[in-house]
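First comes the structure, then the notes that go with it.
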Ligand SMILES: NC(=O)c1ccc[n+]([C@@H]2O[C@H](COP(=O)([O-])OP(=O)(O)OC[C@H]3O[C@@H](n4cnc5c(N)ncnc54)[C@H](OP(=O)(O)O)[C@@H]3O)[C@@H](O)[C@H]2O)c1
């Protein structure tokens, strides 16, 4: 695969590293206006670093755009005459609709929108993907790219905002839960470093149990809640204090806010 990362900032760099570490590209172009900070990547041999997006597009098939939303329209304008049947245009740009992309480059292109989260930098992103009519034929290819950096799911474009809350904001929600568990562990006598170690690896283990078994969370809860035991006592107290309810309300509040942005 010949891949170009157009806009190698925070996200673009994480994607580039993910592609390189998984040997996902035969050739890769990495672009940004000031290339000094990414020059070192040319030592990989199959990587070309350039500030010229047109050269990157001409020499690549898969184009992954990771620029700020305010730059994206102009960048598409600048390269649109180079696009042909071999190109797949993959956007990671939040809030930039497929219709808006089509209005610039035309609907007769393979267009895919993706929404990774920051865990992409450690190969664990939950990435949601949708495509225009033509782009749907390239969803499997796009999933194969993002699955090298975590897990991906195709969703309808109308659900992209909701997915942003669950997966992108979700990173912050889970961090806060891990931090709260850490604070609890400190109160029970662990030092701060150990407390965080216990909290984050237990969280990782819980998610892995579900991912690998395909079980419902309640099945795993049943395994660890002895009748009249300490786990159910703690869990019920958390629920009396509104654990599930506060999470659901927080998720809905985030969604209301993101929808408000969209309608403004
Ligand atoms: N960070 C995340 O977790 C995340 C998650 C999902 C989606 N996103 C989306 O990803 C996009 C990028 O986010 P980010 O946090 O990575 O932003 P960022 O760090 O600001 O990166 C943007 C990059 O684009 C480059 N750039 C600007 N103009 C350019 C041009 N004309 N040609 C080529 N490169 C150009 C900038 O470098 P120079 O100034 O040197 O050109 C910069 O390196 C955003 O649209 C955001 O909505 C981010």
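The backbone N, Cα and C atoms fix where each Cβ goes, glycine too.
Note that TrEMBL annotation is computational and uncurated.
Fair warning: this is a prediction, and the values are worked out from it, not measured in the lab.
Predicted-model confidence for the domain 'Pyrroline-5-carboxylate reductase catalytic N-terminal' (2-93) is 96, expressed as mean pLDDT. Under the heading domain 'Pyrroline-5-carboxylate reductase catalytic N-terminal', TrEMBL lists 2-93.
Applying an 8 A CB threshold to same-chain residues 6 or more apart, the list for residue 10 (NADP(+) binding site) is empty. Secondary structure from DSSP puts residue 10 (NADP(+) binding site) in a helix. Look at TrEMBL and you will find 6, 7, 8, 9, 10, 11, 66, 67, 68, 69 tagged as NADP(+) binding site.
Around residue 53 (NADPH binding site), the C-beta neighbours below 8 angstroms that are at least 6 residues distant in the chain are 4, 6, 31, 75, 78, 79. The feature NADPH binding site is assigned by TrEMBL to 53.
Residues annotated as domain 'Pyrroline-5-carboxylate reductase dimerisation' in TrEMBL: 157-260.
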Listed binding-site residues (8, 68), ranked by Cβ neighbours within 10 Å, top entry: 8
Helix, strand and coil totals (DSSP H, G, I; E, B; other) for the domain 'Pyrroline-5-carboxylate reductase catalytic N-terminal' (2-93): 42 helix, 22 strand, 28 coil
Maximum Cα-Cα separation (Å), residues 6, 7, 8, 9, 10, 11, 66, 67, 68, 69 listed as binding NADP(+): 14
